[in-house]
Amino acid sequence: MEALYATTVGMLTACSIYLILRGRSFPIVIGITMLSYAVNLFLFSTGRLVMNELPIIGNQESYTDPLPQALVLTAIVIGFAMTAYSIILAVRVRGELGTDEVNEPNSSDAEGQR
Amino acid sequence: MSLAIIVLIPFIAAVLPLLARQRSRLMITTLTAAATATSLALLLALAPAVLDGEIPQFFAAWLPSLGLDFSLRLDGLSLLFATLILGIGLLIIIYAHYYLSENDDSGRFFACMLLFMGSMLGIVTSDNLILLWMFWELTSISSFLLIGYWFHQSNARRGARMALAITGAGGLALLAGILLIGNIAGSYQLEAIFAAADEIRAHSLYLPALLLVLLGAFTKSAQFPFQFWLPHAMAAPTPVSAYLHSATMVKAGIFLMARLYPVLGGTSEWFTIVTLTGLATMLFGAYFALFKTDLKGLLAFSTISHLGLITMLLGLGTAGALLAALFHILNHATFKAGLFMIAGIIDHETGSRDLRKLSGLRKYLPFTMVLAVITSASMAGVPLFNGFLSKEMLFVESTEQHLFGGLSWLVPVLATIGAMLSVAYSIRFVHGVFFDKVATNLPKQPHEPPLMMRAPVILLSVLCVAVGIAPMVFAADILTAAMAVVSPYSFEVDIAIWHGFNLPLLMSALALIGGVAIYANRDELLSFNRQFDHHDAKDIFARIVKAVTNTSDNLMNRIETGSLQRYIAAMLGITIIFVLPELYDIAQLDGGREHMPVNVVSIVGAIIVVLAAIGTAAFHHQRLTSLMMLSVVGLMVSLIFIHFSAPDLAMTQLVVEVVSIILMILALFFMPQRIPKASSGGRVARDILLAGFVGGIVGSLNYAILTRPTNSISEFFLANSVPGGGGTNVVNVILVDFRGFDTLGEISVLAIAAAGIHKLLNNLRPFMPSSDVDGRPWHRVKHPLLVQTVSQAILPLALMVSVYIFLRGHNLPGGGFIAGLITAAAMILQYMANGVDWVKHRFDYNYQTLASVGVMIALFTGLGSWFFGKNFLTSWFAHVHWPIVGEFEIATAILFDLGVYLTVIGATLMILANFGQMTTRHRPRQEKH
C-alpha cells in the first residue's frame, strides 16, 4: 500500500509539474491546483497510512495522528485561495494584454520568436 | 549618564533646525550652537576627572545576544577627539552662519551637521566595537548628505557618491574585521578586547583581521591608494570641508588606528603596512598639493599628506611616535580648520578660489592675511608654531627607527622631502593669494568679512601660536591622558621647543630652505610634472563603476530572459541538484516499517487517480476536458482521505473541489478558447523528463517517509483534547484551540486573498465571447426552470446541513471551515441557477463586511481571554444541563469557529459572486474614492 500511495503522489507531482511548465496561464493554474493536491497528500501521509482509526475520541483503542490532518485542512482552504487568486490574475492579464501567454512578449520563448 | 547625554544631544537637537526652518537664520544657528555648546560644556565638566585618570562609563544593554550594547567610555583619547569635534564644531557653526547664502536651506545644513557631529562623538566614545561601527557608518551617511549639500551641482552629487562608495565599502571591511576580533576575544567590549590583546596578535586570523580593519581606516582617512575621494569631496560647502577634513571624518580612521593600537599594533605586519602606507600618502599628497590651482584642492591634498604623516607615526609605534601622532592630530585640526575657513573667506569675498586669478589680496584683506600667515606657518612647520613641534618629533622618531635594516636611512630622507614640499605649498598658499601684483579681474570687489566670520579663525590662530610657544601648558595634560590609553609602553610627555643643535633641527632647517627653493623654482617643477600623463582618479573610479554596471547588466540579460517557462525549469533543476545528494545518502529507501496489505479498492482508486492526472496533462489543449479530468483527481483525493481515517479532510476537499471547479469554469469563459500553437517536440520531451524526475524524487521521498517508524507529538493532543479543549474531534480542537493562532492566520490570509481578488476585478475589461468556439450562440434560456426550482429547494436544506455540521464540529467531523464552504456552495448554486439579479433582489449583502466581521470575531474571541488573565486564545468550556435538550456543552472555541465560518463564507462568495458578476450589469467599474 505504501508503494502504491507513494507512486500516486509521484505521478500527481509529475503531471502537475508538466502542466506548470506550459506557456499558457490556464494549464499553469490547473497544474498549481494539482500540485497542491499532491503536496496535501504528501503532508497528510507524514502521519503514516492508517485505516479505521478516526481521530475522534471515543471507544477506540488507538487513533491516527491528528496533527497532519489539522495542518492539511487549513492547507486545502489556503490552496483554494491561491488557486482563486492565480486564476483571476490570469483573467486580468488576459483582459489587460489580450493574451494568456506567460512569457514576456520579447523573450526567446514568446510566440513570435519561436 | 551625562556621557550618554553628551552623545545624544546632537542627535536629538538635529530636529531643531528643521523645525525652525520657517524662522530666521539667526534662530536656527543659535539653536544649533546652543545644543553644541551644551554638549561641550557637559564634556568639559567631565574633563578634570578624565585627566586625573578616571574613565567615566555608561552602559545600557541593547542586543546582548549579538554582543551589541550601548556602552560608552570617555578616556583620554576619547576626550581629545571629543573636544576637537565639539570645539571646532562650534566654531564651524558660527562661521557657517555667515558663509551660507540666503538661498541655502540652513535648516537642512545644520540638521545634517548635528547628525554628523553626533555620529563622530559616538565613534570616539564607543566602548563597544559594533556600536563604534554603527556610528562609523552613520558618519558615512551624514557626510554623504553634507558633501552633497548643494545637490543641484553635478560635481557635488558625484563627490558625495564617491565618498559614500569608498568609505562605505571600507566600513563593510571594518565590520568583518571587528567580527573577527570580537570572535577571538569573545566580546566586543573594549575592556575585554584590550585584555585579550596578546591572544589576538598570536591568533592565526590576526593578519586578516588587521588587513580588514586597516582597509576601513585607510579608506576613511584617505590613505593611498584610496585618497582620491577626498579632493572630490571639496564640492561641499567650505564649512563642511573645514569640519570633515580637519577635525572629524578623515580623523575617524586615525582614531580607529590609535584606539586599536594596543590590540593590533606593535607587530612587524602593522609596522610595515601602516608605516609604508603613511609614508607613500604623505609624499603623494604633498607633491600634488603643489600643483593644485584650486585653493581648496591644495588644502585637500595637504590634508591627505598630513594624514599620511600621522598614519606613518602610528605605524612606527614607539612611545615617542605615538605621542607625536596624537600631538599632530591636535595641531593639524587647529591649523587646517583655520586654513579652510580662510579659503572660504577668500572665496566668499572675491568670488573665486582659483590661484591663477587670485593675487595681491593683502591690499584688501590685510587682517585675513595675518591669520593666513600664522596658520600656514604652522602647516609648514615654522618654529614657534605648533606644527613645528610635531614635525620635529617626527624627525626625531624617523632617525631613531631601525626597522628597515640597511635601508632605514630612507625614512628620514623621505620625511624631509615631504616636509620640504609641505613648506613649498604653504608658501604658495600665502604668497600666491596675498602677494605679487594686485589682481584686477576678480568677480567681486573684496573687503574684510564681518568680525564674527573671522572670530573662529582668530581663535584657532591664537591656539596655533599658544601651543607652539608653550606646549607643556596647553597640551601636556590631555596628551598624557590620551597616551595612557594608546601607548602600551612607558612614556613621558615632555615637549620642548629647543633641543640644541642636532640632526632633527638640521632636517627642519633643510625642509625650510628646500621648501623656499622649490617654490622659487616652481615653474620648472610644473613643466617637469606636465610631461606625465595624469589619470584623474575620478575617471578611473567612474570607469570601474561603469564596468561593474555593464557586467551586471549582461549577466541580468542572460538570466532574466523574460521566459517564465525557463525560470521554472531552472528552479526545478536547481532543486533536483540540491535534493539528489541527500537522497543518495539514504542507504536504503525502504525504512523497514511493516507494510500495509494492498486491497483491490486501493488499486482501482490509484489507477483512476493516475489516469485522470495523466489525462489532465495530456489534454491540456482541450481546456474543458482537462478541467473535468482535474475534478476527477480532486474527488479521488477526497476518497483517499476518507480511506485513511481523515473524515474532516475528505469533507473539506470535497466542498473546495466543487467551489474551485466552478470558479475555473467561470474563468474559462474569459480565456482564449483555442490555442494557436503547441510546444515543440524538444520542449515537450524536456518537460516530460524534468517532470518525471521531480515526480520520481517526490515519490521516493514519500515512500521513504511512509516506511519509517513515526515519532509524533500528537500523543499530547489526543490526551488533552477532551480534558483541555472540551471536544472529541481532535482535528477540530487542534484548529480552534491548540493551534488557534495558526487558524487565525489562515483565515486572515483567506480574507486578504479575497480582498486582492476584489481589487483585481475592479475595472477589468474581460474578453467576453458572444458565442462558443465554433460560432454557435449561447442558449437563450439562461436559467432553466428545473434547475431554478431544485436549487431553491436545496438552499434551506443546505443551510440546515451546514449549521448542523458547524455545531457538531467540536465533537464529530465538521466545523467552521466545512460548514462555511457548504453555505458558500449553496449560495453559489443560487447565483448560477437564478442569476445575479435574482439573488441581489433577495439577498443583497456585502460579503467584504462578512469576511472582516468573521476575522474580527475570531480575533476578539482570542483577545477575550486576556480579560480573564489568560493567554491569547485560551479557550474556556463548560457542560450545562438544559431542560429537554439535556447535557450541553458551551465552549468559547465555538465562537472562534463562528469567526472561521463567517470568514470562509464571506471570502468564498466575495471571490465567486464578484467574479460571476463580471458577465452582468453589476460588474465593478471605476471605484469611487
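Glycine too: its Cβ is placed from the backbone N, Cα and C atoms.
Annotated in TrEMBL:
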DOMAIN    B:126-404  domain 'NADH:quinone oxidoreductase/Mrp antiporter transmembrane'
DOMAIN    B:609-673  domain 'MrpA C-terminal/MbhD'
DOMAIN    B:683-770  domain 'MrpA C-terminal/MbhE'
TRANSMEM  B:80-100  transmembrane segment
TRANSMEM  B:107-124  transmembrane segment
TRANSMEM  B:205-230  transmembrane segment
TRANSMEM  B:322-346  transmembrane segment
TRANSMEM  B:496-520  transmembrane segment
TRANSMEM  B:596-619  transmembrane segment
TRANSMEM  B:626-644  transmembrane segment
TRANSMEM  B:650-672  transmembrane segment
TRANSMEM  B:684-706  transmembrane segment
TRANSMEM  B:785-807  transmembrane segment
TRANSMEM  B:813-833  transmembrane segment
TRANSMEM  B:888-915  transmembrane segment
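Where the transmembrane segment (B:888-915) meets the stretches B:107-124, B:596-619, B:626-644, B:684-706, B:813-833, the count of C-beta pairs under 8 angstroms peaks at B:813-833.
Per-residue pLDDT, averaged over the domain 'MrpA C-terminal/MbhE' (B:683-770), rounds to 86. Here the listed stretches are B:107-124, B:205-230, B:322-346, B:626-644, B:813-833, and the one with the most C-beta pairs under 8 angstroms to the transmembrane segment (B:785-807) is B:813-833. Distant neighbours of the transmembrane segment (B:322-346): 77, 80-81, 84, 88, 91-92, 95, 99, 238-239, 241-243, 245-247, 251, 254, 258, 261, 295-296, 299, 302-303, 306, 309-310, 313-314, 352-353, 358, 361, 365, 368, 371-372, 374-376, 378-379, 385-387, 389-391, 393-394, 396-397, 429, 433, 446, 449, 453-454, 456-457, 460-461, 463-464, 467, 471, 475, 478-479, 482-483, 486-487, 491, 493, 495; these residues of the same chain sit at least 6 beyond its ends, with a Cβ under 8 Å from one of its Cβ atoms. Broken down with DSSP, the domain 'MrpA C-terminal/MbhD' (B:609-673) shows 55 helix, 0 strand, 10 coil. For the transmembrane segment (B:80-100), same-chain residues at least 6 beyond its ends with a Cβ under 8 Å from one of its own Cβ atoms are 6, 25-26, 29, 32-33, 36-37, 39-40, 43-44, 47, 74, 106, 109-110, 113, 117, 120-121, 124-125, 237-239, 242-243, 246-248, 251, 255, 326, 329-330, 333-334, 337, 341, 344, 348, 449-450, 452-453, 455-457, 459-460, 478-479, 481-482. The DSSP breakdown of the domain 'MrpA C-terminal/MbhE' (B:683-770), given as helix, strand and coil counts, is 67 helix, 1 strand, 20 coil.
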